Structure formats: C-alpha cells, structure tokens
Amino acid sequence: MGEKSLRKRKGEDNGKEDGQSILSDEPQTTNLQKQAKNFPPPHGICMIVGTIIGSGIFVSPKSVLANVGAVGPCLTIWAACGVLATLGALCFAELGTMITKSGGEYPYLMEAFGPIPAFLFSWTSLLVTKPSSFAIICLSFAEYASAPFYPGCDPPQVVIKCLAAAAIVVITIVNSLSVKLGSYLQNFLTAAKMIIVTIIVVSGIVLLAQGKTENFEDSFKDSKTSVSSIGLAFYNGLWAYDGWNQLNYITEELQNPYRNLPLSIMIGIPLVTVCYLLINISYFTVMTSTELLQSQAVAVTFGERVLYPASWIVPLFVAFSTIGSANGNCFAAGRLVYVASREGHMLKVLSYISVKRLTPAPAIIFYGAIAIIYIIPGDIDTLINYFSFAVWIFYGLAVLGLIVMRFTRKDHKRPIRIPIVIPVIVTLASILLVLAPIISAPELAYLYCVLFILSGLIVYVLFVHFKFNWPQKISKPITMYLQMLLEVVPAEEATE
C-alpha cells in the first residue's frame, strides 16, 4: 500500500458542522481513492483473514464449549457465528460502498442518526472496545509465546503482561513508521497463520480418516440450552470472528471499493468460517470435551498429542497468528481515531499526520497507549464478554442505520444492494445478543458499560456542541510540542 494513501482531502472536510451530511448525490472521489496501487484485492482478503484469524480460534473454543457443554452445540455455535458475521459483512458492504469514507461505523451512524450516536461510537471505540480488543489479542500472544519457556506450569502474570506490552509497543511503532511496512508485515503474518491453520486442519482430517470419531458420538448429550449460556457462547464465538468489518475502516484507501470490498468480504468470511469449523473438529478428534476444558492452551495440547516431537511449531505459529491479528487491529483502529479527530470529536492533534511518512502517527500512538492500560487487569474472559456486549450495540445501530437510509436516502446510488431481510435479521440478532445476558444473568459490569457509553453525552454537549474552548487553550502548547517531537502537521498541509 502506497504511503501517499493517507493524504486526505483538502481543508473543506475540517469545516463540517455537526450533523452535516457526508453523502452526496454522486459517488465521492478523493485523493485516497485515486491511489491506483493501494490495496489490490489480495491485500483486502489478507486484511480480513489476517485480522479475524488471530487469538480467537485459539482462546474461544474452550469458552464456547464451557457455555454450551457439548460438542454438537459447540460446532453449531461456531457455524451460526460464521453465518451472522457473513450477514453483517454483507450489510457493511452496502454501507461501505454507499459511504466511501474511512472510519467504519462512524460515518454510517453520522449519516443515519446524526452526530450524537456517531460521537458515542467513537467515544466507546476509542476508549473501550478497540483498545481492549488490542489488549486481549496481545495478552493471548504473550501467553502462547511464553508457554514453551514454562513447561508444566503457567507463565507468571508479570511475564505475560510485560511481553504483551512489548508487543503493543512494537506494533505501534511499525504502523507509525510506515504504511507499507505494516501492510507487508500483515501479508507475511497472514501466510504464517495459514500454515498453522493448515497443519491443524490436515492433522484433524487424517485422524478422522483413521477413525478417530468417538468424541463425536452423542454430541448433544449434557448440552446447556439456557438463553444466557447460549448468549455468552455467541459472545466468545463472535470474538473469534471480530474483524469482519475491518475493511470498512480503510474504504478510502481501497482500490475500486465498489468491486473489491464485497469481493474481499465474500471470499474472506466464508474462508474463515470453514477454517474455524475444521479447526474445532480437529481439536475434538484428539480431546474429549472434558480434556479440552482442562487444557490451559488448546492448540498447544493438540500439538503435543499430534505433532510431538515437533510440537514447538504450534506455539510459534500461534504467536505469529495473534501478532498478525493485533497488527491488523492497530492498522484499522488508528484510522478510526484519525477520522473522529478530523470531524472535531477528538483532540485536534490526533488528526495530524507525519510529514515524512504520511501516517496518522499521533492517532496510532494514542491507541497503543490506551491498550497498554487495559493490560493491567489482564482478565481475558471478562474483557471478551464486555467487549462483545459494547461492540454489538454499535454493530446493531449501524445495520439499523442501513434500514433507515433505505427510506431516507432512497435515491442515493448503491453499488451493492442487499435484500432488506438481511439487515433486519442482523439487527434482531444484535438486540438479542445485547439483551440476553442482561435479562438472564444480570451483572453490574454491564450497567457500568452502559453508563460509560452514556457518559459520552456529557463530553459531547460540553466540548462538541457548545464548543467550550478552554481545553483547546490548555492543549495548544502540548499540541505544538507534539508537532515538533513527532514531526506531524494538519493533513491538508502535508498535501501541499
């Protein structure tokens, strides 16, 4: 991907008033879209596959099984999560080609519902969902990377957290220094993770051919069917699929998005779904449900039973897989910070770009710093549950916005137009995912999450709507210092 891809439009975008439409009657053409060699289709597919297949498939199988209790429901949940992710991606394909602006859900909510829901999304994403996701992935990387050095016992938490923090720092530096370097690293790590996926899948198929099917007998026996258990199983399964919308964060940087966005989605998501089902089947060929639940690291246990004495391959390539997912996560979320700041919803300095490297360095560094804070508690399972709760609120709102714009923007050009039943299904599924855990197993943490989201209203009223300028006065000398330190300027100046 060319480094010029981060050059943004001239200063007219900075002058938008709250609620001003970001749609026009004609498809928008930007400098970013004119970069002919940015992100050809294989890069788009690599971004989806590389971001989705990360820590989830190596962490979530145990949690999904623990919530549903049996092999049959576990595989059903994984397939259902794949279907929901595919339907959601189709909805985002229509949104992404109708509103060809980077920032994912942010511009969609801005156009459908106005600046307040868009601000709440950026507020929650920048401070909760995206950094916590980055932290979870890097903690998973640290667990697998340190496991070989502590045979027979769990690695010390201080080692895991320090290694996770180091991973965040390295990924942040790479993406701040060069767009090309981040893209090439993503492609390499995607290739590495497909190697470990292939090893696990092929090993499982061979074992099945040898008659290792006893763990699939009576596969629905002792299963749990409560609403809360199924909802939490979906949370963990969908965590493994999270990233299905990542291309929508870089729509402006995608060559020919009307064609390549849906193409990348329709190839990438089904590929991931098939891989996840085959990987889970492979796990169950060598482990019973009880053994899988007792395993500290499912993939490592699989490697020890199937690949010994070459079992060291598994933690090595799992580490590659998770670090690739973290790199894709950082790449996309850094652009979200950049877009939100460009619209005036975050500190102005976060919309600046590097003079020499043309990357949104301040936004990426800010994102990495928040992620390091989330490493301190370090409870992966709890972070996954509350991440999923928060993120599906805004996934549902974005898809609801698609339905709304079918009526409010009837005449707008839609290069992709999906049947209305698909966004209806995704919206209903989002409502169930958000409400099911609250109704069936209410916890104060869910209330805290909702209160934090709503607290963004106070920030919006004071600093965006009424535009109190004392924060700008305080931050002005800090902004000047950061400009000199990081060599960054407003984006419109970097294009001159």
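We number each residue from 1, going along the chain as drawn.
Note that Cβ sites are derived from N, Cα and C of the backbone, with glycine treated the same way.
All TrEMBL annotations are machine predictions without curation.
In TrEMBL this protein carries:
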type: COMPBIAS; residues: 1-19; note: compositional bias 'Basic and acidic residues'
type: REGION; residues: 1-35; note: region 'Disordered'
type: COMPBIAS; residues: 21-35; note: compositional bias 'Polar residues'
type: TRANSMEM; residues: 44-65; note: transmembrane segment
type: TRANSMEM; residues: 77-96; note: transmembrane segment
type: TRANSMEM; residues: 108-128; note: transmembrane segment
type: TRANSMEM; residues: 158-179; note: transmembrane segment
type: TRANSMEM; residues: 191-209; note: transmembrane segment
type: TRANSMEM; residues: 263-286; note: transmembrane segment
type: TRANSMEM; residues: 312-338; note: transmembrane segment
type: TRANSMEM; residues: 358-377; note: transmembrane segment
type: TRANSMEM; residues: 383-404; note: transmembrane segment
type: TRANSMEM; residues: 416-439; note: transmembrane segment
type: TRANSMEM; residues: 445-466; note: transmembrane segment
Feature contact check the transmembrane segment (158-179) with the transmembrane segment (191-209), CB under 8 Å, 3 or more pairs | no
For the transmembrane segment (108-128), out of 158-179, 358-377, 445-466, most C-beta pairs under 8 A are with 445-466
For the transmembrane segment (263-286), the candidate among 77-96, 158-179, 312-338, 358-377 having the most Cβ pairs under 8 Å is 77-96
Positions whose Cβ lies under 8 angstroms from the transmembrane segment (445-466), at least six residues beyond its ends = 18, 115-116, 119-120, 123-124, 127-128, 344-345, 382, 386, 389-390, 393, 437-438
Same chain, outside the transmembrane segment (383-404) by at least 6, Cβ under 8 Å from its Cβ: which residues?
-> 59-60, 63, 88, 91-92, 94-95, 105, 108-109, 111-113, 117, 121, 124-125, 128-129, 132-133, 135-136, 232, 234-236, 238-239, 242, 245, 374, 377, 420, 423-424, 426-427, 429-431, 433-434, 437, 445-446, 449, 453
